[in-house]
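Annotated features, as they stand in TrEMBL:
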- 1-24: signal peptide (SIGNAL)
- 35-123: domain 'Ig-like' (DOMAIN)
- 130-224: domain 'Ig-like' (DOMAIN)
- 256-347: domain 'Ig-like' (DOMAIN)
- 350-437: domain 'Ig-like' (DOMAIN)
- 468-521: domain 'Ig-like' (DOMAIN)
- 525-612: domain 'Ig-like' (DOMAIN)
- 628-723: domain 'Fibronectin type-III' (DOMAIN)
- 710-734: compositional bias 'Polar residues' (COMPBIAS)
- 710-735: region 'Disordered' (REGION)
- 728-822: domain 'Fibronectin type-III' (DOMAIN)
- 827-929: domain 'Fibronectin type-III' (DOMAIN)
- 933-1029: domain 'Fibronectin type-III' (DOMAIN)
- 1106-1127: transmembrane segment (TRANSMEM)
- 1136-1156: compositional bias 'Basic and acidic residues' (COMPBIAS)
- 1136-1241: region 'Disordered' (REGION)
- 1178-1187: compositional bias 'Basic and acidic residues' (COMPBIAS)
- 1225-1241: compositional bias 'Polar residues' (COMPBIAS)
Amino acid sequence: MMKKKSISASKASLVFFLCQMISALDVPLDLSQPPTITQQSPKDYIVDPRENIVIQCEAKGKPPPSFSWTRNGTHFDIDKDELVTMKPNSGTLVINIMNGGKAEAYEGVYQCTARNERGAAISNNIVIRPSRSPLWTKEKLEPNQVREGDSLVLHCRPPVGLPPPIIFWMDNAFQRLPQSERVSQGLNGDLYFSNVQPEDTREDYICYARFNHTQTIQQKQPISVKVFSMDSLNDTIAANLSDTDIYGAKPVTERPPILLTPTGTTSNKVELRGNVLLLECIAAGLPTPVIRWIKEGGELPANRTFFENFKKTLKIIDVSEADSGNYKCIARNILGSTHHVISVTVKAAPYWITAPRNLVLSPGEDGSLICRANGNPKPSISWLSNGVPIAIAPEDPSRKVDGDTIIFSAVQERSSAVYQCNASNEYGYLLANAFVNVLGKKHIFIFFSLRGYLVVSCYYTNCMPKPWFKGVKGSILRGNEYVFHDNGTLEIPVAQKDSSGTYTCVARNELGKIQNEVQLEVKDPTLIIKQPEYKVIQRYGHVSFECIIKHDSTLIPTVIWLKDNDELPDDERFLVGKDNLTIMNVTDKDDGTYTCIVNTTLDSVSASAVLTVVGKNTLKLYDTRPNPPFDLELTGQLERSIELSWIPGDENNSPITSFVIEYEDGLHEPGVWHYQTEVPGSQTTVQLKLSPYVNYSFRVIAVNEIGRSQPSEPSEQYLTKSANPDENPSNVQGIGSEPDNLVITWESLKGFQSNGPGLQYKVSWRQKDVDDEWTSVVVANVSKYIVSGTPTFVPYEIKVQALNDLGYAPEPSEVIGHSGEDLPMVAPGNVQVHVINSTLAKVHWDPVPLKSVRGHLQGYKVYYWKVQSLSRRSKRHIEKKILTFRGNKTFGMLPGLEPYSSYKLNVRVVNGKGEGPASPDKVFKTPEGVPSSPSFLKITNPTLDSLTLEWGSPTHPNGILISYILKFQPINNTHELGPLVEIRIPANESSLILKNLNYSTRYKFYFNAQTSVGSGSQITEEAVTIMDEAGIPRPAVGAGKGKEDWKKEIVNGSRSFFVLKGLTPGTAYKVRVGAEGLSGFRSSEDVFETGPAMASRQVDIATQGWFIGLMCAVALLILILLIVCFIRRNKGGKYPVKEKEDAHADPEIQPMKEDDGTFGEYSDAEDHKPLKKGSRTPSDRTVKKEDSDDSLVDYGEGVNGQFNEDGSFIGQYSGKKEKEPAEGNESSEAPSPVNAMNSFV
């Protein structure tokens, strides 16, 4: 309910108001206070890469806090990134992706810090990840030909998206494929056929992946399925089958079940507490198998178990550790059965038992912050102060950290700070901010909240509050409708209209008394009775969201609409009415979440709905969720049960499969809805079990195949009567924090578990195995009690029982705890060391008496350290190494020892408190080992036949060196290795001149050291002997400063090296490396000397004697050939033109034989052929090679070189040498010797 209040106070006391009751103490902003984070983005924040990234961080405090951010653990300077801005008076970051930024560039872990003069609060680590909807990889899908009755699996294999896509199967007409006990979709998206039937034949099995975050849908290529049987085999199918396939085919036969998924007989699954557990079994067989689920050694939880996908999927919601165990699925048909056992382990991310709450103290007061969390495995607790680990935070003498508790004693104003508690395990973490605000004056705080739950606090620092009075007559408040707390708080669990009036509280101390009056007026809350609903609209259509409200008549509401938690776009298409928002001509950019916020001067409510914009052809892909149920009615009210009935909303063409009933506890957790039960879709009434002392409201959600409807409007409230507690605190433990105490802790009952007002705990304990009576104490509002003055580490029997104003809970069970541990008293004895080899030793010891451990024996620690190396006889400080051996072990191995060294060790016993005394130091020595490689190997002074080798002794000789071993071999031009030569060198040598080597040859050297145990690892080098000593310039190092200017090279900042080229051998160079960054320009420089020029491995062939001799022989041969050609040419005489004319005059005459006097050296190599009859020359007036072999065509003009009428030939000595192929044939001219020589050279 809504309240309007007024208050007056005497003696000018400060009065403050707050409009909402929260879990921790809140200080009005009229007063100086540390920052408090009020709004932040989720820990795992997946963003749309097409939209701007908004990382929320809102905080309050006085003075108003300033904000800063870290990214990946380092300061994030937003001023240096023009795409990043921070909202005014806020810490919210806006990254402008739509203006050219890339979302991938801003992936990372972000954390916000809000800071003012009284402390600093920090947000969670917000992991920013852009959503991804990758394309489907192209693949060639072969048709599936399957025999009737066989099983079949159609694989979807969708692209990996972020978040993962929703998978469904449809046909070409965008109609969902029907599913049944025989055909169903698995959790991995594959389509399973327990047995195929002829009607399964089709060519359009299409798997769709819907990426909701980016509102995109992708489809796989259609899959074809052809079902055949022996009766329907035709010639076409038979032609595609082998003989074995045809003769092996049998009529459809029944088969017992086999599991398609999961495979094997057993599997394991890990799920987190509070999540939904999904287990799946899909079987093949004919007839179609049916699935049944059981839990071995237990029952399936009745109210949280559901069966989906035709009982192939077992669903358990809100799992807890109690749901761990073995779950068996059994597949059965008339021919038999098979089963699979899934071993389920439920782990738990950290969850709060007691979160730290804000503290408001005055100087000199005491207080404490308690941070208690549970999980599996048990979370570790760490504290921070103003965002800094408390171990390195500024010291505060009033502060003491005791595990999960910080105790404050006699605080001062400077003790104000914000403390962070971090509870973490491998599955997650919790981070809570709680401030300590030390005030210097007396203050009164008035708290109240909505929805019928009212708290009025009368809190004076350094004062003891007195009872409350109501009305003019000042009667003391009494009755079950009021709850009074020790700190002066008045609690009215169910505020009604008659709760209005004047309330007075009085407080006294040694200086006098003070009173305050609070005028309370209870008003009706603001409600949204018609919330906006999820909409799917086609592009360019119109859509309207409704937001109809109901409010107190004396309050004036204002309605604000937001899109994606930001202001509506400045677009005339958006029309805001009195109780609706209309969007005209919808576009793709209008996709998003629309929120209606209703504000009054006293309260604020909101409701949201999602708009999805689709194309014309994809609207069928979006089935609509059902409308919410309405007209909820409560009847048959009893102390522990009630009947709820409702009217279902419109199914929207998809049948309602179930209804989910949720409840709200307006007394203990207002505004938080919890799961109550789920009933089939055909049921509209349900009998609900109730707990005492709970102010119930119920709502109903309809579920169909597409999803859940919006929740219905809440039912009327129903407050159950109080009763004794039904249960006792859980997780009771007894562990001492000091040697003389016992700390008893438990997990407090939640509000609805109290069953009535005045919840307290009776803590009882007694020493085990001692005939003592139980000692008991009753405490309230705590979850820890410390028993002092106990003996050290003795067992205690402990029990914690809940009680309230109406009585006790059932008798609790006992647990065994132990008082605090102390350091062990005795050191292990008879420590012996057995050296196994040069690097490993085994240590033995006798166990200590268990009584001397004085705690839980955790194991033994062996401290060992190297005293000195036996080969160098020089001591040096070596850090001690520690090995821990868990449990009651009496031996252990010491690996990683250094050979030929002297060691010492001692052994200590360890318990939960720490380590006991050390045993006497035990000295042992390790034997020699093989040495490490020589520290360096340099090869210098190359000559024609020698090289100089220099080396350094091994860094770790690991014994006494007896020699060095040098091996080397030549390497030829093809990198093949020659014969290996080995030389043994005395251990006291450090250089060697290697002589009698081949000139201009590369050698590879292998060098290692040797002890009496063996040879160590090798070091290798390569070097080249030179070819000519005169050609080696000697380095002129130190000749003076060069006259060259500095040369500059720009190098990529990610590289760590650069190769300098074009340097002069034997020259000293100065090199300077500079780096320019945010902090300015820095540089360093060094001087180095280039080495002498080395002879190339490649030999100049022109200088080799054999090559010179070969060239001389070739030249002589060419000269002889030229002389012979000259002689033969002069011997031929004149050309017999007349005879040639006569020969061509009569075509019947046989061709003339070759005359030795012709230029035979220019004739064709082919056989001479006669001219064809009736033609002297071809029609194109060309003389072909086969028609005239001796016509000297090559010396003719043009292509053909034809004769003149007088028998002579033109251009014989004209000097023209143009040659063109006749009809594709090349010239028959023999190659010239000169040309041959030129070609060779």
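Cβ from N, Cα, C; glycine included.
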DSSP helix/strand/coil residue counts for the domain 'Fibronectin type-III' (628-723): 0 helix, 53 strand, 43 coil
Contact call for the domain 'Ig-like' (525-612) against the domain 'Fibronectin type-III' (933-1029), three or more Cβ pairs under 8 Å: no
Selection from 130-224, 350-437, 728-822, 827-929, the stretch that has most Cβ pairs under 8 A to the domain 'Ig-like' (35-123): 350-437
Average pLDDT across the domain 'Fibronectin type-III' (827-929), rounded to a whole number: 91
Residues of the domain 'Fibronectin type-III' (728-822) by DSSP state, where helix covers H, G and I: 3 helix, 47 strand, 45 coil
